[in-house]
Structure formats: C-alpha cells, structure tokens
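Student: Let me give you the structure first, and then I'll get to my questions.
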Amino acid sequence: MAVDSWVSHAKALRFIEETTTNADSVQKRVLAEILNRNADTEYLNRFRLNGATDQDAFKSKVPVVTYEELEADIRRIANGDRSPIFSSHPISEFLTSSGTSGGERKLMPTIKEEMERRQLLYSLLMPIMNLYVPGLDKGKGLYFLFVKAETKTPGGLVARPVLTSYYKSDIFKTRPYDPFNDYTSPNEAILCANSFQSMYTQMLCGLLIRHRVLRVGAVFASGLLRAIHFLQLNWKQLAYDISTGTLSPKITDPCLRECITSKYLTNPNPELAEFISKECSTEEWEGIVTRIWPNTKYLDVIVTGAMAQYIPTLELYSGGLPMACTMYASSECYFGLNLNPMCKPSEVTYTIMPNMGYFEFLPHHTLSPPAHSHNSPPRLVNLADVEVGKVYELVITTYSGLNRYRVGDILQVTGFHNAAPQFRFVRRKNVLLSIDSDKTDEGELQTAINNAALLLREFNTSVLEYTTHADTKTIPGHYVIYLELLVKDTANPPPVETLNQCCVAMEESLNSVYRQCRVADNSIGPLEIRVVKNGTFEEVMDYAISRGASINQYKAPRCVNFTPILELLDSRVISAHFSLSKPHWTPERTR
C-alpha cells in the first residue's frame with residue numbers, strides 16, 4: 001500500500017475509534033449543533049424550545065412523528081415555500097425514499113452539506129475492508145451502479161433517490177483517483193439513464209479487464225443477480241463486440257458510445273470472446289462469477305433484511321465467495337458501518353456512527369402513540385443506553401431538519417464497539433413483500449386484492465382467502481398471489497383472460513416504487529396469480545394448528561416463506577396467470 005493510502009486509512013480508523021469511544025458526548029454535541037442551527041425554524045418554534053439545546057428539553061417538548069405527520073409541511077416546500085420550515089439551511093433537493101405514503105415515494109428534504117456527511121461515511125469503508133482483505137489497491141471493483149428517474153416538484157426542487165443524487169454529484173463525478181475505489185465502469189456508463197445501455201456497457205467493461213477485477217458488487221443482492229441474468233441473455237452480443245472490436249448498435253447514447261469505443265473497446269480480442277462464449281454457452285452457471293472473474297475475493301452487496309432471500313442463489317453463482325455488507329443507510333440518514341465486513345451474512349451487525357445524526361430508540365414492544373398525542377411522548381432510549389438483546393425502532397434527528405422521525409427500521413442490539421451500539425437489522429416495519437427496493441405492506445396488498453375482486457364479480461366469483469410469496473427463484477423475482485376462489489356459477493367461471501387482467505389490476509394498485517421497478521428498472525417480473533383448489537387454506541390452517549398454533553387465534557398468513565406451506569400451496573394449484581402488460585408508471589408524481 002502506498003504511504004498516502006496508509007496514512008489516510010490510519011486516520012480513518014482512528015476517527016472511528018475516537019467517535020465510537022465518545023459516543024454519548026458526540027451525540028449530545030450533534031443534538032446541540034442541530035438545535036442551535038435550526039432554533040429559528042418554524043417546526044421547532046411550534047414546540048417552544050426557546051433556544052434550548054439539551055436532551056431533556058428536546059425530549060420533553062418535541063414529539064415523535066411519522067412521515068404522514070410531516071407531509072403537509074413537506075408539501076409546502078415541494079410547492080415552493082422557501083421559508084425555514086425544517087432547516088435554517090436551504091433545502092437543496094428531495095431524496096425519494098423506497099418507502100411510500102399514499103402510493104407515492106416519500107420526499108425527504110435534504111441540504112447540501114449532507115452530501116459531505118454521506119461522503120465521510122463512504123470514506124471509512126475501504127480502510128475497514130483493507131484490514132480483512134489486503135491488496136485491494138492492486139486491482140479494480142466491478143460494481144453495477146445505476147441512476148434512476150428523477151423529477152421536479154412544482155416548486156422546482158429535484159426529487160430523486162439518494163444514490164442517484166450521489167452519483168450525479170461533483171463529489172462522485174470529479175472524485176480524485178483512489179486505487180482502493182477504482183471501478184471498471186466509467187462515469188458515462190453509470191450515469192446513462194437507459195438501464196439496458198448502462199448495464200450492457202458496465203458488463204462489457206468488466207469482461208474486457210476481467211483479470212483485474214478483485215471484487216464484484218451492486219447495491220443490493222437483487223441487482224447483482226440481475227447483472228448475472230443479463231449476462232445469460234446477452235453474452236453472444238457481448239462476445240461479438242469483443243471479438244470484432246465494435247460496439248453494439250443498441251448503444252445509442254453518444255457520450256457513452258464515444259467513451260467505450262475510444263477508451264475500452266479499442267481492439268478486437270477473439271481469444272477473450274472465445275473464452276466468454278465457452279463459459280456462457282453451457283447451461284451450467286454454478287460458480288460463473290469466479291470463472292469469469294477468477295481473482296474476485298468477495299461480493300460487495302447488501303444481503304440483510306429482505307435481501308437475505310437471495311443468499312443461496314448468490315452462493316451458487318459465486319462459488320461460495322464471502323458477501324460483504326459494508327454499511328447501513330437510508331434516504332433519511334446514513335447510519336453506520338459493518339466493522340467486520342467479511343462475517344457471514346447471518347452475523348452482520350452495523351455499528352452506529354454517532355456523528356451522523358442524533359439517534360433514539362423506541363422499544364419495539366412500545367405501542368405507537370396516537371396521532372398528535374404530543375403531551376405524553378413515548379419514552380425513547382438514548383444511543384449509549386440501549387440494552388444488548390433488546391429490539392428497537394430507530395428514531396432520528398438530522399441536520400436537514402427531521403426531528404424525532406420514525407424511520408421504520410426494526411433493529412436488535414447485538415453488542416457494542418467501544419461505547420457505540422451494534423445492531424442487527426431485523427426488518428422494515430409493516431413490510432409484507434419485497435423483491436428489490438419495493439416495500440409493499442398489508443394495506444396496499446388488500447387494496448390490490450379488492451380491485452382484482454371487482455373483476456371477478458361479473459362471473460359471480462369472490463375471493464375466499466389469499467396469501468402471497470416473494471418468489472426469488474426467477475430473475476428478476478416476482479410477486480406470487482395464491483387465491484382460493486368461491487365460484488358460485490360453475491358453468492360460468494372467470495375465464496383465463498379475466499384472471500390475467502386481475503394480475504394487471506393488482507399491479508396497477510401497488511405503489512409507485514413497485515411500478516417503477518416493473519416498468520423502468522425491470523427489477524421485478526410480472527405478478528403471478530396461482531389459483532388453488534377449494535379447501536386449500538383449511539389445510540394450511542390444519543398444518544399450522546398441528547404445529548402448535550391456537551385455533552381460536554389463527555389467521556391465514558398474508559405472506560408465506562415457510563417451505564412446507566409453500567409446497568402445500570403449490571401442490572394445490574389448479575391454474576397460474578400472469579400480468580401480460582406492465583402497469584402505468586411515470587417519473588411525475590400524482591400527488
């Protein structure tokens with residue numbers, strides 16, 4: 001390692017140690033900074049803090065809130081109100097959350113300096129990784145990174161996902177060369193808005209210098225599997241381009257085309273093309289990652305939470321490579337780091353960095369307070385006071401002006417690094433189904449079922465019972481809906497066309513994040529309805545009771561992942577139906 005890199009890594013590791021050792025004092029300082037700078041904001045003035053910056057005053061006067069309680073104020077900013085509502089600093093843009101409200105992505109106001117705070121956390125990742133995997137400065141990272149659609153609010157502010165904001169920032173685009181963060185993909189490929197052209201050229205670049213690749217990754221496990229599936233579908237054209245030294249005419253973006261043809265695809269390489277054809281033409285794709293990129297040391301992907309369902313498939317394709325989950329972040333705030341990134345996916349814990357925001361923790365058994373019950377806020381636990389083994393919901397206060405905001409993440413304390421707690425991500429609150437960045441809750445699912453049921457009425461048919469499953473055996477994964485129907489007129493059952501249309505109706509009912517994944521990102525496959533025999537859900541109930549469930553309290557599960565129940569359901573399927581068209585989606589918000 002070069003001396004400059006050694007010095008910067010040592011400094012980063014020292015910063016982590018100092019910050020986590022003084023977690024409680026850092027938290028008090030962060031809260032005081034936030035309250036001091038935002039003292040004259042409209043939101044804090046509503047609660048008469050009168051300039052107080054201490055924890056006790058803050059907790060006694062400022063309520064714990066959800067997005068819905070802030071939405072009216074957020075709408076004002078989106079519509080052009082530039083007064084200091086949440087933050088004394090101007091709102092620079094909105095970061096769109098993968099969580100939704102009323103079917104649309106949540107809008108998270110942010111300020112310019114937050115980009116630097118996020119960059120600070122990124123700068124800590126490789127110093128940690130270098131402790132476990134030396135020599136990463138001797139090669140490149142093949143990362144499949146993408147920008148997503150963005151829009152503007154009526155008031156003119158950009159609204160886009162947090163990673164799209166980061167990739168389009170000068171911090172990313174003009175970043176100095178760093179041998180530890182040297183990507184195979186040029187900026188032109190990452191920033192191409194066309195998902196096919198972006199994926200194609202990123203894959204092409206990764207193939208052209210395959211021996212220099214030391215790590216392979218994407219943001220989410222699902223994204224890396226999509227890249228592998230893309231190679232399965234497009235290896236012939238990729239091999240042809242490499243063999244002839246020409247670029248597919250499907251790459252029409254002029255800047256991207258110029259970049260690839262002038263810097264990467266400069267000469268024919270028939271030997272490499274022959275190798276790729278040999279490896280990809282076989283039906284055996286086990287270990288394909290290490291066969292194509294033999295020097296790969298690990299996969300860099302998020303495999304916690306809903307992404308854990310992809311671990312077996314990634315193990316198959318990678319030949320059992322380690323999977324590194326490096327950081328814990330959201331649109332609202334970047335939270336912390338995995339200080340042992342080469343651990344097993346089931347053992348991943350994140351150390352909260354106390355400088356990133358002010359963090360509180362709502363014991364998960366605590367009931368949600370009634371809306372607007374601001375006189376008796378729930379008792380929250382400080383960062384330094386959480387207890388090992390207990391489960392909490394994360395509540396944050398940020399420099400951008402979110403105060404005591406319930407993120408919706410459920411975390412379990414696993415231990416401490418110095419004085420900073422370490423958490424295992426348990427799940428997103430209320431999320432029932434998730435394939436990619438989508439998060440579908442039970443209320444949204446019930447609305448979709450109701451809308452499908454309307455189409456069945458014409459045939460005197462109703463939905464007796466249903467459950468769901470996120471099927472990740474296909475790439476991309478897709479929602480499966482198991483329906484048990486009551487057909488009152490057996491001579492006139494709903495035809496196949498109607499059941500196919502029920503799939504479409506359900507997809508149209510789901511939130512905008514799901515529909516974007518289906519339409520723009522192609523990261524979710526068509527929704528499937530599997531109609532099961534009558535009496536199937538009674539069998540499911542009998543099975544649950546045989547395993548100890550109470551017959552008095554039994555309710556049909558709305559999502560199933562337990563293999564024996566899935567096998568039971570699938571053994572009773574009498575017909576399967578798919579969405580034959582994609583749902584409506586546009587970057588423009590409807591509300």
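Note that Cβ sites are derived from N, Cα and C of the backbone, with glycine treated the same way.
From TrEMBL, here are the annotated features:
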{"type": "DOMAIN", "residues": "350-428", "note": "domain 'GH3 middle'"}
{"type": "DOMAIN", "residues": "444-562", "note": "domain 'GH3 C-terminal'"}
Student: Averaged over the whole of the domain 'GH3 C-terminal' (444-562), what is the pLDDT?
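Tutor: PLDDT averaged over the stretch: 91.
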Student: Tell me the residue counts in helix, strand and coil for the domain 'GH3 C-terminal' (444-562), as DSSP assigns them.
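Tutor: Final tally across the stretch: 49 helix, 26 strand, 44 coil.
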Student: Could you give me three numbers for the domain 'GH3 middle' (350-428), the DSSP helix, strand and coil residue counts?
Tutor: 3 helix, 40 strand, 36 coil
